[in-house]
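According to TrEMBL, the domain 'Phosphofructokinase' annotation covers 3-275. The ATP binding site annotation in TrEMBL covers G11, R72, C73, G102, D103, G104, T105. Annotation source TrEMBL lists ADP binding site at R21, S22, V23, V24, R25, R154, G185, A186, E187, R211, K213, K214, H215. The Mg(2+) binding site annotation in TrEMBL covers D103. The annotation substrate binding site is assigned in TrEMBL to T125, I126, D127, R162, M169, G170, R171, E222, R243, H249, T250, Q251, R252. For D127, the entry in TrEMBL reads active site, proton acceptor.
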Amino acid sequence: MKKIGVLTSGGDAPGMNAAIRSVVRKAIYHGLEVYGIKYGYQGLIDGDIEKMELGSVGDIIQRGGTKLYSARCEEFKTEEGQLKGIEQMKKHGIEGLIAIGGDGTFMGAKKITEKGYPCIGVPGTIDNDIPGTDFTIGFDTALNTIIDAIDKIRDTATSHERTFIIEVMGRDAGDLALWAGLADGAESIIIPEADDDFEDIIDRLKRGHDRGKKHSIIIVAEGVGSAVDLGNKIDEAAGLESRVTVLGHTQRGGSPSAADRVLASRLGAYAVDLLLNGHAGRMVGIQQNKLVDHDIVEILNTKHKIDFDMYRLSKELSI
Ligand code: ATP
């Protein structure tokens with residue numbers, strides 16, 4: 001293999017730039033040519049492709065977002081779109097591809113691999129919703145952004161003796177909500193993976209209130225539904241006047257944490273190693289601090305799970 005491509009696709013995540021940098025530098029270190037494909041699979045179809053040099057990835061390790069831009073591309077879900085992408089790979093002499101993104105991105109990588117062009121998936125999403133890795137690139141940064149925001153909200157919650165309901169991202173996964181709730185001592189954490197026991201939420205609020213506690217933080221994962229609706233329900237049941245904050249896209253941006261930069265550097269380089277060693281259709285990950293790789297099809301057929309021990313602990317600590 002002499003020439004490889006790299007792209008970022010799906011939602012951007014802090015640390016994607018560090019992963020791109022790692023892929024480019026590691027590949028050049030091993031004598032490969034690297035091509036950056038802009039706007040994910042859309043750029044692959046359009047031929048928005050340029051050669052990357054060592055300097056192309058200078059000064060980006062600390063930046064959020066993605067230097068290669070990202071896009072959602074419906075056309076790539078079709079056979080015709082995929083063949084157009086393959087044509088561009090042929091035209092540029094690209095023999096293998098590293099795709100950084102979430103499970104949708106991995107679907108695209110699987111399709112290209114099936115058409116004879118080896119692909120490796122690198123998990124880049126703040127949601128932490130990819131099986132086969134303990135952490136995805138961007139999760140740690142997003143978590144710290146959430147914690148920072150909740151700490152600020154807590155000042156107001158305390159000063160005004162209010163209950164705050166905070167909606168965090170995560171798509172269908174509750175990881176961000178669970179970790180943020182545990183890290184911030186939330187009274188209740190509501191996630192899609194666990195049945196939300198409404199009575200329990202109200203009981204906790206009332207118990208806290210009876211103990212003299214006048215402010216509370218409740219974290220809701222976006223996958224559960226609207227925090228505003230939940231807030232109305234809670235107000236009615238507990239006789240409160242709560243406030244709802246939807247953190248939104250602030251959670252996706254910002255300079256990546258040290259943990260994300262290191263993770264991205266390790267996973268990007270490992271993806272290059274796999275291509276060089278003749279592997280195809282794999283996704284890279286980290287489990288118990290060891291680099292691992294899995295069959296991408298197997299991963300796409302596996303459901304992501306949250307850590308229920310952590311969920312139970314969060315309940316025990318917020319009695
Ligand atoms: P995030 O979790 O941050 O949303 P993602 O990678 O899951 O990231 P998606 O929008 O689901 O984001 O997918 C990214 C892109 O991958 C899509 O826009 C599309 O181009 C490609 N893709 C998704 N599903 C398929 C599929 N079934 N076949 C081919 N390509 C696909």
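Placed from the backbone N, Cα and C atoms, the Cβ positions cover glycine too.
Since this is a predicted model, take the numbers as computed values, not measurements.
Counting only same-chain residues at least 6 apart in sequence, those with a Cβ under 8 Å from the Cβ of D127 (substrate binding site) are G102, T136, F139, M169, G170, R171, A173, D175, L176. Sorting the binding-site residues V23, M169 by the number of other Cβ atoms within 10 Å puts V23 first. Within the group of binding-site residues (R72, R252), the Cβ with the highest number of other Cβ atoms inside 10 Å belongs to R252. The Cβ of D103 (ATP binding site) lies under 8 Å from the Cβ of D129, I130, I299, L300, each of which sits 6+ residues away along the same chain. With respect to ligand 1, the binding-site residues V23, D103, E187, H215 contribute D103 as residues with a C-beta closer than 6 angstroms to one of its atoms, given in sequence order. Rounded to a whole value, the Cα-Cα separation of C73 (ATP binding site) and G185 (ADP binding site) is 39 Å.
Here the C-alpha separation of H215 (ADP binding site) and T250 (substrate binding site) works out to 24 Å. Using Cα positions, the member of the binding-site residues G11, R21, R72, E187 nearest to T125 (substrate binding site) is identified as G11. Per-residue confidence over the domain 'Phosphofructokinase' (3-275) averages out at a pLDDT of 96. Each of the binding-site residues G102, G104 was scored by other CB atoms within 10 A of its CB, and the lowest score goes to G104. Counting in whole angstrom, R72 (ATP binding site) lies 16 from R252 (substrate binding site) by their C-alpha atoms.
Candidate binding-site residues: R21, E187, R243, T250. Nearest to G11 (ATP binding site) by Cα distance: T250.
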